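Scroll down for the structure; my scribbles are underneath it.
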Amino acid sequence: MKTTGTYRDTIIEIDLQKLYDNFLKIREMNGPDVSVMAVVKADAYGHGAVRIARTLMDAGAAYLAVATLSEAMELRSVYPDYPVFILGHTPDQYLHYVIENHITQTIFSYDQARLLSRYAEKQNTIAKVHLKVDTGLHRLGQVPGEAYRKEILRMTKLPNLEIEGIFSHLALTNREENEKQFHSFTDFVRTLERDGLSFQYKHISDSIACVDYPEYRLNMVRPGSLIYGMHSFHLGYLPVVPAVRFLTRVSELHRLQPGEGVSYDYVWRAQRPSIVATLPFGYVDGLFRSIQGKGYVSIHGEKAPLIGVMCMDQCIVDVTDIPDVAPGDLAIILSDGSDGAMTAEEASKLTGTIKNDILVSLGTRPERIYINDPSE
Ligand SMILES: *Cc1c(COP(=O)(O)O)cnc(C)c1O
């Protein structure tokens, strides 16, 4: 492990070659006719959007997709030319930044289309947008129908607006509901196409849908968690692997007599003569406080249970059954599981959440260390 710029042993190691390979697998699965938009919102699910963007573009991403304007502008400040897409709503008063930074925006109203076209005219450029259609999730977009169709037809008259794409999002409730959503989307697209519109990109599939429902891929997919190696699919399969290892090192060992406690409130007390190790990571660094008493780290390839209350910056594990643990020894908090550590999936089950939640909750404090850059 390299010495870190944050002068501590708790780091998040990210294997860029694994991300690259995952992305190639996604592209191969989808075939040459389907463009892959790489979802890198929430700082690329904790992986560091700016740093991994280049790897994903090298692997053939058609777009980098984020949730917010500030995420888009962060990417734009480093990569002047990469196509960047905002999946979410941008309030009117910020739309001029979208144009100045030549970002592609999600819209669902004539009013925003007109504003974007006007700003684009001033900048002597073209505003690129994808139309959002609400097929049931009731999160963003207008429902497909006459009112939306008329609004869209008015948009086509705007001089500096390019309607590059159209998309929707699945609730992934069950096959029947998915089918309903998918057909409501494609029927609406067909209506617009009969009106003379044509869309370079049509998309509805996230990570789960693009594996489980190949027939929904249209000509673009929007995977996020799949890139980061999460297996959330149920029907299909793709052998993507996690690229993150969350690592730390033992700070100190304590020998306890039966009855002695550890950490606040002594919620854990030694039942036998015990050796416990203090680790310099806490709930601020990642993992939820609710994992205490349930999770473990891997030391010398063995499971060391997290005991007592997890503190903000430190936690304690029981190493009584692991021979010869010493200060400075490596402790693996999260990984792909091959080294005996918890996976994000296991941690999510133990804390009652989902895999994405574990990844995006990795703290900003641990330094990200990037290894195996395929472009080097
Ligand atoms: C976050 C998001 C995605 C990616 O979701 P995953 O489940 O991580 O693949 C795709 N589309 C939209 C609109 C999103 O908000």
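Positions of Cβ are set from backbone N, Cα and C atoms, glycine also.
Quick look at what TrEMBL annotates:
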ACT_SITE  Lys41  active site, proton acceptor
ACT_SITE  Tyr264  active site, proton acceptor
BINDING   Arg139, Met312  substrate binding site
DOMAIN    243-371  domain 'Alanine racemase C-terminal'
MOD_RES   Lys41  N6-(pyridoxal phosphate)lysine
DSSP residue counts for the domain 'Alanine racemase C-terminal' (243-371), split into helix, strand and coil: 20 helix, 46 strand, 63 coil
Same-chain residues at least 6 apart in sequence whose Cβ lies under 8 Å from Tyr264 (active site, proton acceptor): Gly308, Val309, Cys311
Cα separation, Lys41 (active site, proton acceptor) to Arg139 (substrate binding site) (Å, whole number): 17
Same-chain residues at least 6 apart in sequence whose Cβ lies under 8 Å from Met312 (substrate binding site): Gly282, Tyr283, Val284
Across the domain 'Alanine racemase C-terminal' (243-371), average pLDDT on the 0 to 100 scale: 95
Largest tally of Cβ atoms lying within 10 Å of a Cβ, found at which of the recorded positions Lys41, Arg139: Lys41
